[in-house]
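K.L.:
Quick one: structure below, then a few questions.
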Ligand SMILES: NC(=O)C1=CN([C@@H]2O[C@H](COP(=O)(O)OP(=O)(O)OC[C@H]3O[C@@H](n4cnc5c(N)ncnc54)[C@H](OP(=O)(O)O)[C@@H]3O)[C@@H](O)[C@H]2O)[C@@H](O)CC1
Ligand SMILES: [K+]
């Protein structure tokens, strides 16, 4: 393990608790000292981000997250800052109670919270209401406090986890603090990186609290955070036959765009050859718009079978539809036993007619498609995206990409990677079609299903970020990603 390899690992709340226990029992560092270190690290973080801040308000909950807050307020006062403390409830547990007393012994006053309280004007709010112990939606009075904090417009530093965010799943069952910065302690909690949580955490800063590297030995996380990487440069003697032949299947009446985007992304993703099997009516448009795509009129399974011998990877689903044409091509494609990416209607058909995918396969559902595949609703998917993606990978024996903010990739053995890139500008039509083409191109170039899915997701999201950096998020369209994608694929992003 390299010096900070654990920084790329994401932990469940139970695993974080086990690390806390290990620090306390095996390293002999008392829990209260960890709390003191957390408070000190949080104050450093506050001063780094807001060096001009003089007035803060700290909101302390009943548990140890609140304890962190009391000690931070005490340290802030010692450092000459003005720190007002509000506590909606009594403290529970030895460490939190001791922290509260320490703040009070230093002359600090703990203000109760009710609707009549007027929040002071401050430079920074500190959220120490709930951390990893959050069990349910915030109660109505705390939710009202959170709304009042937001209404002031002043920035928020969240301690460990923005209150109201489930640190395990990324779900927000009610109201939650919208932080500008979240300083998280000891280990990265997996829930901060996926689902709706990325909209609440702001910038996440991990503070290891001076704990030695030995703490993380044999304490593997539950998931990994994707790191930027790309394929090595091509050997000089490459020819197009070395880089695979993607056959993209789809584009029923009225959906030529989906299959064209998929095909173009496969080209920009580095596939040696890209064919498109689609409706006759789309051929002229496809050929004139992108002559590098080999477009074929495929009116049924026989015409598709004729194309299969030359293909090395299939991309099945963009604009495929669920009618007789799409269904027949889908069956033929699945029976071909070629490596494949299954998306969109390719997945909807699978939900209706479940079967094991017998080849290296990558599935790329969005939450709606994932819900259909698992026979549940999208709220259930959102409530625990980690469980959903693992169940999909296990059930279909495929590598599965669960799209949406903080895309997840899982393999059938339960390995999960989380994508920290991407932006809301990418929530537009055609983005999924691009991803399908990129992943297919990577499979065609020799990546295994896991590599193709994780690299494909990361290149797609980073291309979206690069495109948004130049032109902004609003109005970003799928084809804007093609040029940045090529730069990133070749390691020339700057
Ligand atoms: N352990 C360590 O070594 C270190 C821990 N550290 C810090 O401790 C934090 C974890 O502390 P924690 O476990 O005390 O949980 P915390 O998030 O404060 O809340 C628990 C309390 O909230 C309550 N409750 C829950 N949900 C609720 C709701 N919706 N509405 C109302 N109440 C609700 C729950 O009550 P219960 O449901 O059990 O009745 C319980 O009383 C962690 O995030 C980090 O900041 C650091 O100091 C570093 C070292
Ligand atoms: K918090």
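Every residue, even glycine, has its Cβ placed from backbone N, Cα and C.
Computed from a predicted structure; not experimentally measured.
The following feature annotations were taken from TrEMBL:
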DOMAIN    16-217  domain 'YjeF N-terminal'
BINDING   64-68, 131-137, 160, 258, 319, 366, 433  (6S)-NADPHX binding site
BINDING   65, 127, 163  K(+) binding site
DOMAIN    223-492  domain 'YjeF C-terminal'
BINDING   403, 404, 405, 406, 407, 432  AMP binding site
K.L.:
Considering only the binding-site residues 404, 406, 407, which possess a Cβ situated under 6 angstroms from at least one atom of ligand 2?
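P.N.:
The ones that qualify number zero, so the answer is none.
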K.L.:
Provide the three-state secondary structure of residue 67 ((6S)-NADPHX binding site) computed with DSSP.
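P.N.:
In the DSSP reduction, residue 67 ((6S)-NADPHX binding site) maps to helix.
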K.L.:
Can you list, in sequence order, the residues of the same chain other than 403, 404, 405, 406, 407, 432 whose CB lies within 8 Å of the CB centroid of the AMP site?
P.N.:
366, 401, 402, 408, 419, 422
K.L.:
Would you mind pulling the DSSP three-state label for residue 406 (AMP binding site)?
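P.N.:
In the DSSP reduction, residue 406 (AMP binding site) maps to coil.
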K.L.:
Can you name the binding-site residues among 65, 127, 403, 404, 407, 432 whose CA is within 10 A of the CA of residue 160 ((6S)-NADPHX binding site)?
P.N.:
65, 127
K.L.:
Residue 127 (K(+) binding site) has how many other Cβ neighbours within 10 Å of its own Cβ?
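P.N.:
Within a 10 Å radius of the Cβ of residue 127 (K(+) binding site) lie 30 other Cβ atoms.
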K.L.:
Which binding-site residues from the set 127, 163, 403, 432 come near ligand 1, judged by a Cβ under 6 Å from any of its atoms?
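P.N.:
Near the molecule: none at all.
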K.L.:
Near residue 65 (K(+) binding site), meaning Cα within 10 Å, which of 132, 135, 366, 404, 405, 432 (binding-site residues)?
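P.N.:
Correct set: 132.
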K.L.:
Over the residue list 403, 404, 405, 406, 407, 432, recorded for AMP, what is the maximum interresidue Cα distance in Å?
P.N.:
14
K.L.:
For the domain 'YjeF N-terminal' (16-217), what is the mean per-residue pLDDT, to the nearest integer?
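P.N.:
Residues in the domain 'YjeF N-terminal' (16-217) carry a mean pLDDT of 96 in this prediction.
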K.L.:
Including all protein chains shown, what's the count of other C-beta atoms within 10 A of the C-beta of residue 163 (K(+) binding site)?
P.N.:
29
K.L.:
Within 10 Å of residue 366 ((6S)-NADPHX binding site) (Cα-Cα), which of the binding-site residues 127, 163, 406?
P.N.:
none
